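Below: one structure, written as structure tokens.
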Amino acid sequence: MLVLLAGIFVVHIATVIMLFVSTIANVWMVGSSNYATISTGLWLLCNRTCTELPVSSEDEASLKAVQAFMILSIIFSVVALILFIIQLFTLEKGKRFYMTGAVMLVCWMCILIAVSIYTARFTHTVAFATNPHHGYCFILAWICFCFSFIIGILYLVLRKK
């Protein structure tokens, strides 16, 4: 049981780190131009230098929603990690990890909403670039989606142990 808890803890920390990286770094979409590689993220458009992400007025609300849900997912993931540590040492057997699992599943839902909106609205749109494809931040966000769901379900299952 201790090994299982340690493994879940390590995966949870890795998920938090990957969420930070995928939200902060500007490599959600990558394309090439005549001069260099162009990448866009949630915040900036980077060529050789980074500038503010040019977004049309109809896509601005979608981008702000993606930014907000990714930040919320980080917050919920960190809160779930803190709850896990607190509940591990304070609650009795059988009552543990209800809140941790619920908060982690809310994190999962925030990631799902953010990445789904980004996929629907911003896939294959890199300004001034040809041959756009997904960058590592987009892939990390989907990996965090999977990990947060698995961790949330495991927390709910572990409450019985």
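Numbers run from 1 along the shown chain.
Note that Cβ sites are derived from N, Cα and C of the backbone, with glycine treated the same way.
For the transmembrane segment (7-29), the residues of the chain that approach it from at least six positions outside its boundaries are 39-46, 50, 70-71, 73-74, 77-78, 80-81, 84, 104, 111, 118, 122-126, 132-138, 140-141, 143-144, 147-148, 150-151, 154-155, 158, judged by C-beta separation under 8 angstroms. Positions annotated as transmembrane segment by TrEMBL: 7-29 (among others).
Annotated transmembrane segment per TrEMBL: 65-85 (among others), in sequence order.
Here TrEMBL flags 97-118 (among others) as transmembrane segment. Distant neighbours of the transmembrane segment (97-118): 12, 19, 28, 42, 62, 65-66, 68-70, 72-73, 76-77, 79-80, 83-84, 87, 138, 141-142, 144-145, 148-149, 151-156, 158-159; these residues of the same chain sit at least 6 beyond its ends, with a Cβ under 8 Å from one of its Cβ atoms.
Residues 4-5, 8, 11-12, 14-15, 18-19, 21-22, 27-29, 70, 73, 77, 80, 84, 96-98, 100-102, 104-105, 107-108, 111-112, 114-115, 118 of the same chain lie 6 or more positions beyond the ends of the transmembrane segment (138-158) yet place their CB under 8 Å from a CB of it. Residues or ranges marked as transmembrane segment in TrEMBL: 138-158 (among others).
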